[in-house]
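Structure, as structure tokens:
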Amino acid sequence: MKILVINAGSSSCKYQLLEMDTHAVLCSGLAERIGQDEGRLTHKIAPDTDKEEKIVQTAHFPTHVQAMEMVIALLTDAEKGVIKDKSEIAGIGHRVLHGGEAVSDPVLVDERVKGIVRECAVLGPLHNPANLMGIEVAEKLFPGVPNVAVFDTEFGMGMPKEAFMYALPYELYEDLRIRRYGFHGTSHKYIAGATAKYLGKPLSELRSITMHLGNGSSMSCVRNGKCFDTSMGLTPLEGLIMGTRCGSIDPAIVPFVMEKKGLTPEQVDTLMNKKSGLLGLCGHTDMRDVHAEVEKGNERAALALKMLVRSIKKTLGSYYFLLDGKVDALVFTAGIGENDDIVRAEVCAGLENLGIKIDAKENGTRKAGARAISTPDSSIPVLIIPTNEELQIAMATVEVLGK
């Protein structure tokens, strides 16, 4: 069974075609600059294998339809194609940012589901309209092929009410559904399953803490295989310090800055989402640049690193106690989590008092695949597990189609 996974943005579209019998990625790619004078399509055949072949094409893509038509042409190309006809695709899985409280599982797309995506655009104004566009383009170009929506907020629907409610007037929840939703849910769900598999433990018994650390970062507390708490909130702004996002701050800062700087709500939103975090502290968003500046003696870069690590450790500690100290694994994933040994070492520094011990050599070694970086006598295994959101979406699509 072949599943196409689509992640549509406002001016871009990521895709991946998987053979689900083996979980092999047949091809993947990115169409970008859609709607601009010159678009670009980067297409990889057998990505991340010794047979990888890269094709780059430029063209004018007035809309996502033209971009996806070029993708289909590459998929079915007589010489370079990975399928003979688009009818070989059994289903299409779509990443959708926000489903609100209306959906708690991946769902087969119909008019009701598209209506939910539209309604939740107020909570995901940058992503939901683009995600819906991706669905409608797929319906147009792949008639008769079922589409499945996989929501980034799905995993957070498993939280108990005391975890997702804010201590605001209750009518704000009733009227506006203001609550914690959590994001990176597809990644956290995949990592929960992969962690259980790595440990040889039933998912229904798993108690773990997942650290999805990248330009956008979040953490998830997993109890009995489900989300028990998570760091992001109503929006992806809450929680950890990130590349350009401030993370959790005193809410009173917002009206204070608006008054003192004469800013509009939109300007403050931009300031907190796109001009804060590591960028606001030291002028860099890439951790490699931050580390390089720390080596040069840049005090603001050193401060940014310390604040980032501190925000992770504070959340880690709270989740440890939410799990009553009974934790099966601490798991690092995503760009920083998988590749930054300095951040991992700093996050785990001092945890020896809880019996959690890191193997410095193993932590500093780059390896592919899931692995432990803790010592054999560590009280809790510390793991690196590469995330795979596309595979999780594809597996969810297969599950929905099988119902």
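The backbone N, Cα and C atoms fix where each Cβ goes, and this holds for glycine too.
In Swiss-Prot this protein carries:
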- Asp152: active site, proton donor/acceptor (ACT_SITE)
- Asn7, Glu389: Mg(2+) binding site (BINDING)
- Lys14, His212, Leu213, Gly214, Asn215, Gly216, Asp286, Met287, Arg288, Gly335, Ile336, Gly337, Glu338, Asn339: ATP binding site (BINDING)
- Arg95: substrate binding site (BINDING)
- His184: site 'Transition state stabilizer' (SITE)
- Arg245: site 'Transition state stabilizer' (SITE)
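Features recorded in Swiss-Prot, as mapped to the structure shown.
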{"residue": "Asn7", "record": "Mg(2+) binding site", "CB count, 10 Å": "24"}
{"residue": "Lys14", "record": "ATP binding site", "CB count, 10 Å": "18"}
{"residue": "Arg95", "record": "substrate binding site", "CB count, 10 Å": "22"}
{"residue": "His184", "record": "site 'Transition state stabilizer'", "CB count, 10 Å": "29"}
{"residue": "Leu213", "record": "ATP binding site", "CB count, 10 Å": "26"}
{"residue": "Asp286", "record": "ATP binding site", "CB count, 10 Å": "14"}
{"residue": "Arg288", "record": "ATP binding site", "CB count, 10 Å": "11"}
{"residue": "Ile336", "record": "ATP binding site", "CB count, 10 Å": "24"}
{"residue": "Glu338", "record": "ATP binding site", "CB count, 10 Å": "18"}
{"residue": "Glu389", "record": "Mg(2+) binding site", "CB count, 10 Å": "23"}
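Spatially, by CA atoms, the recorded positions His184, Leu213, Asn215, Arg245 include one closest to Asn7 (Mg(2+) binding site), and that is His184. Taking only the Cα positions, the spacing between Glu338 (ATP binding site) and Arg245 (site 'Transition state stabilizer') is 20 angstrom. Taking the C-alpha positions, the distance from Leu213 (ATP binding site) to His184 (site 'Transition state stabilizer') comes to 10 Å.
Look at Lys14 (ATP binding site): DSSP puts it in a strand.
Across the residues annotated as binding ATP (Lys14, His212, Leu213, Gly214, Asn215, Gly216, Asp286, Met287, Arg288, Gly335, Ile336, Gly337, Glu338, Asn339), the two Cα atoms farthest apart lie 25 Å from each other. Across the fold, the C-alpha of the residue listed as 'active site, proton donor/acceptor' and the C-alpha of Lys14 (ATP binding site) stand 16 Å from each other. Sequence-distant neighbours of Arg245 (site 'Transition state stabilizer') (same chain, six or more apart, CB under 8 Å from its CB) are Gly216, Pro236, Leu237, Met272, Asn273, Lys274, Ser276, Gly277, listed in sequence order. Sequence-distant neighbours of Asn215 (ATP binding site): residues of the same chain at least 6 apart with a C-beta under 8 Å from its C-beta are Met242, Gly243, Thr244, Thr285, Gly335. The recorded positions shown are Arg95, His184, Glu389; of these, the one with its CA atom nearest the CA of Asp286 (ATP binding site) is His184.
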